Amino acid sequence: MTGTIRYTCIGVVEKKYTTMPAWWSNPSTKHAYVLAWVSVIITIIAAAAGIAVYEVTGSALILCYGLENMVDFLSSVVVLWRFFCPDLSPEVEAKLMAREKRASISISVILGLLGVGIITTAVDDFTKGMEDFSQLSALLGISLSSILVFGLLSLVKFHYSILLKSASLHKDGICSLIGTILSIALFINTLIIRRVPEAWWIDPAVALGCGVASLAIGVHALFYASCVQKIPICSYRWWMFSQGDGTDEINGRELDEKDVAVTKVNPPVDTVANETSEVV
């Protein structure tokens, strides 16, 4: 339980308590770091389970699920790097903030790859047509548990991204949301197939839509960063020494002198080039 104190104009003190835990109402870099670890563990387990079930059932639907979680795992690893904090200090916070833009661009690339993978799997599923649905119980169990787990992960990631003003965490939440939508489609389609096997096409159709959306989001973010913001995203030097230049993607404003003063980021280009010995 956390509390806040408010002083009124007549000197009366009012104390207002909230029952929300601190990790939800006032998350810190440390909380985001723990969330990234949770996401990494869950996604790698889900990816392994999806691929294992595919080996047994041969279902392209579950293969799409496994591949999506593998890409989601990579996205969570990027967020883990973004919020890695062995200790909290103004210097560490500034260093972590300097990683934000690179992390955001990295996840944009991952979103694009996720879109390509989902589209490829969905098209392959369409070409195969109706399959042998002898393992519907396994598909139902995996999809239902995934809806709950990844739905909750998406909610927390979006919530944290707003409070911490992190575009990279927001995009990681999109990866988890796509996984949730695919799980919902798999669950509903499995129930329908039990009654109407001819409705097998519903899941690959939804997957195709998710793939196109994921690819569009990733490509748009990369195009905007490269062509509008003029960020040299193909430059090795930018990836190694960038200090968070560009637009704050949560509220759309340009990073300004206030950000530089608070986080000590955005040093001059010459200064960045000379600080090659600093750990990035």
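One is the number of the first residue shown, and numbering goes on along the chain from there.
Placement of Cβ uses the backbone N, Cα and C atoms for every residue, glycine included.
Positions annotated as transmembrane segment by TrEMBL: 32-54, 60-84, 105-123, 135-153, 174-193, 205-227.
Within the chain carrying the transmembrane segment (32-54), a Cβ under 8 angstroms from the stretch's Cβ atoms is held by residues 23, 62-63, 65-67, 69-70, 72-73, 76-77, 79-80, 82-85, 135, 138-139, 142, 146, 149-150, 153, 156-157, 160, 164, 166, 169, 172, 176, 179, all 6 or more beyond its ends. Long-range contacts of the transmembrane segment (205-227) within its own chain (CB-CB distance under 8 A, at least 6 residues past either end) are made by residues 61, 64, 104-105, 108-119, 121-123, 125-126, 171, 174-175, 178, 181-182, 185, 189, 233-234, 246. Taking pairs at least six residues apart, the transmembrane segment (135-153) and the transmembrane segment (105-123) share fewer than three Cβ pairs below 8 Å and do not count as touching. Beyond its flanks by at least six residues, the transmembrane segment (174-193) meets 39, 46, 61-62, 64-65, 68-69, 71-72, 75-76, 107, 110-111, 114, 118, 133, 136, 139-140, 142-144, 146-147, 150-151, 153-154, 157-158, 199-200, 202-203, 206-207, 210, 213-214, 217 of its own chain at Cβ-Cβ distances under 8 Å.
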